[in-house]
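Enquirer: Mind looking over this structure? Questions follow.
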Amino acid sequence: MAEKRNIFLVGPMGAGKSTIGRHLAQMLHLEFHDSDQEIEQRTGADIAWVFDVEGEEGFRRREAQVIADLSEKQGIVLATGGGSVQSKDIRNHLSARGIVVYLETTIDKQVARTQRDKRRPLLQVDDPREVLESLAEIRNPLYEEIADVVVKTDDQSAKVVANQIIEKLGF
């Protein structure tokens, strides 16, 4: 891998973007970044607080800036927020500046992986499954639109998925 290429992980909440991203970056000797963690570092507050104070629109503005900044780097693995693909600008940034990998998972797996996570503002409702289904309807076609590679994450360890990504990318 002479040229340091960026790898951008997209997919729904609970697909494993952050965990798989860390493994992938380590295996490829690349820098790992997580857009949500970067937002928290820049604001000095957690995502739930940003949502409470600025609303989803404020959060999405911050997310767009973070992804624009990070995607300028070379040789990174970036785990993006699940909703980032709803922005055409972000989709364009990701497509133009690296390889986009869509980590696909089922609603059942999303529910299982996110049910105890209180840091996901969109899921703090009576019926998180309904929210996840609604988001999937909107976002899944967008993930597919920009994906260079699609990898299913259900019932596989993060390390196995990272290896599959490396294999599919020919690294």
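Along the chain as shown, residues are numbered 1 onward.
Placement of Cβ uses the backbone N, Cα and C atoms for every residue, glycine included.
Feature table excerpt (Swiss-Prot):
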- Gly14, Ala15, Gly16, Lys17, Ser18, Thr19, Arg120, Gln156: ATP binding site (BINDING)
- Ser18: Mg(2+) binding site (BINDING)
- Asp36, Arg60, Gly82, Arg139: substrate binding site (BINDING)
Enquirer: May I have the list of same-chain residues other than Asp36, Arg60, Gly82, Arg139 whose Cβ is within 8 Å of the Cβ centroid of the recorded substrate site, in sequence order?
Expert: Met13, Glu63, Thr80, Gly81, Gly83, Ser84, Val85, Gln86
Enquirer: Greatest CA-CA distance (Å) over the residues Asp36, Arg60, Gly82, Arg139 that the record ties to substrate?
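Expert: Spelled out: the longest distance between any two Cα atoms in Asp36, Arg60, Gly82, Arg139 is 18 Å.
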Enquirer: How many Å lie between the Cα of Ser18 (ATP binding site) and the Cα of Asp36 (substrate binding site)?
Expert: 10
Enquirer: Is it possible to get the count of other C-beta atoms within 10 angstroms of the C-beta of Ser18 (ATP binding site)?
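Expert: If we count other Cβ atoms within 10 Å of Ser18 (ATP binding site), we arrive at 17.
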Enquirer: For Asp36 (substrate binding site) and Thr19 (ATP binding site), determine the Cα separation and express it in whole Å.
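Expert: Given the Cα positions, Asp36 (substrate binding site) is 13 Å from Thr19 (ATP binding site).
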Enquirer: Of all the binding-site residues given, namely Arg60, Gly82, Arg139, which is spatially nearest to Gln156 (ATP binding site) at the Cα level?
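Expert: Among Arg60, Gly82, Arg139, Gly82.
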